[in-house]
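Copied over from TrEMBL, here are the features:
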REGION    1-31  region 'Disordered'
COMPBIAS  9-31  compositional bias 'Basic and acidic residues'
REGION    145-189  region 'Disordered'
COMPBIAS  156-168  compositional bias 'Basic and acidic residues'
REGION    221-272  region 'Disordered'
COMPBIAS  224-272  compositional bias 'Acidic residues'
């Protein structure tokens with residue numbers, strides 16, 4: 001092959017390669033455009049599904065209301081139902097100090113109300129009997145979207161009776177120098193009503209709404225761990241007692257055998 005022919009062949013190869021690149025890029029671009037079109041259809045279906053799901057949730061939310069009302073009426077017949085439920089819940093109990101528990105003994109009813117469109121927010125109402133801590137009959141905290149669409153919250157101002165403000169007492173107890181307790185009390189449960197720093201990530205509100213409210217009975221019925229431990233200790237003591245009795249019985253049996261053996265030797269001696 002001549003040198004000129006070789007140069008021509010090389011140019012043709014480069015030209016073919018460049019053409020293939022252009023074709024490949026064009027095909028990729030077309031594929032991307034088609035993927036985008038398909039993705040738009042998927043997004044449209046997702047939006048449609050969200051709307052349909054919301055309608056179903058709204059429908060069944062209304063259907064549940066009479067049952068929630070009936071449940072509240074039945075719960076009212078059980079003393080200390082709600083304080084027991086909160087104390088038995090692992091996340092809520094971690095927020096409760098001793099005085100919080102005392103105050104929650106006056107809690108007679110809890111209600112969670114989701115707003116009609118559900119997505120925009122919900123409200124939690126705590127109904128209290130007459131108590132020595134505050135004047136309010138109802139304490140509420142509401143979560144909603146503000147005008148800019150960001151999560152926001154507001155709550156009832158607690159009207160504490162003189163010297164009974166648990167939120168201040170909690171901070172004073174924790175700040176007293178030289179009087180630190182071995183197990184420091186958590187910040188008062190009631191400070192939650194004044195905490196609006198991050199309404200979009202309010203763990204206590206979400207726990208009450210999504211975990212406790214749908215089925216509070218499961219937490220009310222959680223067995224008391226102290227009782228279980230006490231029963232376990234009693235069982236251990238009973239088993240130890242039985243073991244002691246068995247050991248004493250074995251020892252008595254051995255002594256009887258020895259006595260019988262000695263009596264037998266004495267009888268042989270008399271015969272001789």
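Positions of Cβ are set from backbone N, Cα and C atoms, glycine also.
TrEMBL: automatically predicted annotations, no manual curation.
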Per the Cβ filter (under 8 Å) with a sequence gap of at least 6 from its ends, the compositional bias 'Basic and acidic residues' (156-168) is approached by 97, 99-100, 103, 132-136, 138-141, 187-191, 193-194
Summed over the compositional bias 'Basic and acidic residues' (156-168), the DSSP helix, strand and coil counts are 3 helix, 1 strand, 9 coil
